[in-house]
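Got a structure for you, written out below as structure tokens; questions coming shortly.
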Amino acid sequence: MDSELKEEIPVHEEFILCGGAETQVLKCGPWTDLFHDQSVKRPKLLIFIIPGNPGFSAFYVPFAKALYSLTNRRFPVWTISHAGHALAPKDKKILTTSEDSNAQEIKDIYGLNGQIEHKLAFLRTHVPKDMKLVLIGHSIGSYFTLQMLKRVPELPVIRAFLLFPTIERMSESPNGRIATPLLCWFRYVLYVTGYLLLKPCPETIKSLLIRRGLQVMNLENEFSPLNILEPFCLANAAYLGGQEMMEVVKRDDETIKEHLCKLTFYYGTIDPWCPKEYYEDIKKDFPEGDIRLCEKNIPHAFITHFNQEMADMIADSLKDDLSKM
């Protein structure tokens with residue numbers, strides 16, 4: 001089925017300047033410009049995927065394709081990279097827009113707050129205000145999703161899926177206890193080491209290493225994410241990770257309560273970033289919410305082997321909402 005999806009479903013790659021940062025956007029489906037499309041055939045809804053960290057949108061292409069197919073190819077499925085996590089190839093044109101009245105560069109765009117504003121800036125400039133949205137946040141993308149709802153409550157979001165959501169106590173999680181000293185205290189050692197090892201490395205060697213790594217991880221290589229071994233992108237991912245450990249502490253119950261009717265939380269049973277007790281706590285505090293615990297032992301990084309299972313869950317949950325569109 002994966003090979004069929006790869007052959008039949010169009011995916012359009014763009015590099016844009018958003019908030020002053022190069023950004024990769026992968027658009028699943030035939031629609032590439034929703035903002036200026038005035039035709040009657042323009043879809044009424046966009047499914048928008050916000051990745052975890054590192055925010056390599058190319059990793060989510062198989063998931064986006066599966067979801068596009070399961071929703072009967074009626075709606076575009078777009079995935080955005082995080083600011084600073086993708087650099088355009090030298091032969092690739094970077095698109096700009098003048099539509100945003102708030103088009104100034106975003107302060108600290110590679111940090112936690114800047115990444116949230118980066119996603120909001122993209123929606124302002126590339127998605128019509130009246131277009132309905134389904135937001136899908138993975139890992140720290142779930143935190144971004146909640147913050148987007150908090151900052152712009154008028155966003156026309158009909159559903160938001162928070163997959164393996166790192167929305168609280170990140171530094172206290174099993175992985176967080178390991179990552180915190182590395183990302184917060186030894187970050188500059190990582191920067192220098194990465195730069196010294198990777199900067200002199202020929203592109204052909206990097207490409208070979210990436211291809212082998214993607215094969216091992218079962219990740220599709222349709223859009224080769226060379227940025228995996230780019231020191232600039234790795235440094236930005238580490239910088240964002242350090243802020244996650246320091247700032248993602250308390251769960252935003254006020255925002256969750258306000259938007260609970262449109263939220264679906266999906267927790268893992270074997271997730272070292274948000275352990276089962278986090279699920280039990282939020283389930284206790286919001287018993288009426290759609291808060292689910294995975295029964296299939298799907299790992300936090302579901303994009304390595306479980307794209308179809310996650311797409312099935314989301315498509316099934318959206319059936320009633322999409323039937324009204």
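Positions of Cβ are set from backbone N, Cα and C atoms, glycine also.
When I checked Swiss-Prot for this same protein, it listed these features:
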type: ACT_SITE; residues: Ser139; note: active site, nucleophile
type: ACT_SITE; residues: Asp271; note: active site, charge relay system
type: ACT_SITE; residues: His300; note: active site, charge relay system
Roughly how many angstrom lie between the C-alpha atoms of Ser139 (active site, nucleophile) and His300 (active site, charge relay system)?
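Answer for this pair: 8 Å between alpha carbons.
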Expressed to the nearest Å, what is the distance separating His300 (active site, charge relay system) and Asp271 (active site, charge relay system) at their Cα atoms?
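Cα-Cα, rounded: 6 Å.
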